Amino acid sequence: MILELDCGNSFIKWRVIHAADATINGGGIVDSDQALVAAVAALSSLRLIGCRMVSVRSEEETSALCALILASFGVEVSVAQPVKEMAGVRNGYEDYQRLGMDRWLGALGAYHLAGRACLVIDFGTAAKADYVAADGEHLGGYICPGMPLMRSQLRTHTRRIRYDDASAERALGSLAPGRSTVEAVERGCVLMLQGFARTQVEQARALWGEDFTVFLTGGDAPLVQDAAPQARIVPDLVFVGLAMACPIESR
Ligand SMILES: Nc1ncnc2c1ncn2[C@@H]1O[C@H](COP(=O)(O)OP(=O)(O)O)[C@@H](O)[C@H]1O
Ligand SMILES: CC(C)(COP(=O)(O)O)[C@@H](O)C(=O)NCCC(=O)O
Ligand SMILES: [K+]
């Protein structure tokens, strides 16, 4: 079995797959290193032969987690590293090392799955869009605040926007004009994300006509689904790219 980890700025997404056929044994989303170890250790008949990781966290946090995985499960962690080119995709950044590894792996995974031009939109802590042309050229992309950041900026920089998580969740039952602060903020931010998605799709259309595939991923992708009905929702897109970047021999 292989442990796969996607360490974002807010959460760690994890799953355990069988090395031979990549079928999924377990997985989840946790908010700390300790919670990760507890969740993975709770899997019955766990037999890890390796671990691969993508992280957009600091070097220190990333190596601390690698050390914890080694100490807890006895496996070395293979951490995905920036490259200029892989699997037919060429990194489009002026400095390829600066492109977020989650974005790069999402682009790799998308191009692998689609085999043609693709637009990847990832709604995590930040919202990201990346463009890969039909010939594999990564054209670059966009980054803006995602749902968690928009929400917390409004809460932190205003005096009268205050509400709890439970009412936030209830407010998203509809996108009608809000009749309370929580509805106004939560629905307003979702509309911002939807506007972002629509604009990206428009731009892809201007570039490529109808010959492209749209991928939606990240924890908040479901909030945006209606704005991009043609999109493929692929929650594990980064893991697709991660398996390509960090192959682990099964034995
Ligand atoms: N099961 C879930 N657990 C935690 N957060 C979730 C879940 N489903 C959706 N989310 C939302 O997903 C967002 C985080 O997305 P994610 O892709 O994990 O971000 P990051 O990679 O930046 O850590 C948050 O706004 C969070 O509320
Ligand atoms: C843009 C990001 C902060 C997104 O992080 P996430 O929302 O996945 O937690 C991450 O991809 C990153 O740190 N990128 C480096 C900067 C860049 O891609 O230009
Ligand atoms: K991410």
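The backbone N, Cα and C atoms fix where each Cβ goes, glycine too.
Counting every protein chain shown, the Cβ of Asp102 (active site, proton acceptor) has 26 other Cβ atoms within 10 Å. The active site, proton acceptor annotation in TrEMBL covers Asp102.
Around the Cβ of Thr125 (ATP binding site), the same chain contributes Gly8, Asn9, Ser10, Gly146, Pro148, Leu149, each under 8 angstroms and 6 or more positions distant in sequence. Per TrEMBL, ATP binding site is recorded for Asp6, Cys7, Gly8, Asn9, Ser10, Phe11, Ile12, Lys13, Thr125.
Taken from TrEMBL, the feature substrate binding site applies to Tyr93, Gly100, Met101, Asp102, Arg103, Thr181. Every protein chain considered, the tally of other Cβ atoms within 10 Å of the Cβ of Arg103 (substrate binding site) stands at 24. Under the three-state DSSP scheme, Arg103 (substrate binding site) falls in the helix class.
Per TrEMBL, K(+) binding site is recorded for Asp122. According to DSSP, Asp122 (K(+) binding site) is assigned to a strand segment. Under 8 Å, Cβ to Cβ, and six or more positions away along its own chain, Asp122 (K(+) binding site) finds Asp102, Arg103, Gly106, Lys128, Ala129, Asp130, Leu216, Thr217, Gly218, Ala221, Leu237, Val238.
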Neighbour count (Cβ, 10 Å) for Ser10 (ATP binding site): 15
Span of the ATP site, taken as the largest CA to CA distance across Asp6, Cys7, Gly8, Asn9, Ser10, Phe11, Ile12, Lys13, Thr125 (Å, rounded to a whole number): 13
Candidate binding-site residues Tyr93, Gly100, Met101, pick with smallest Cα gap to Asp6 (ATP binding site): Met101
Cβ neighbours within the same chain of Met101 (substrate binding site) - under 8 Å, at least six residues apart: Val54, Ser55, Val56, Ala80, Gln81, Pro82
Among the substrate-binding set Tyr93, Gly100, Met101, Asp102, Arg103, Thr181, as the record gives it, the longest Cα-Cα distance in Å: 40
Cα distance (Å, whole number) from Ile12 (ATP binding site) to Tyr93 (substrate binding site): 26
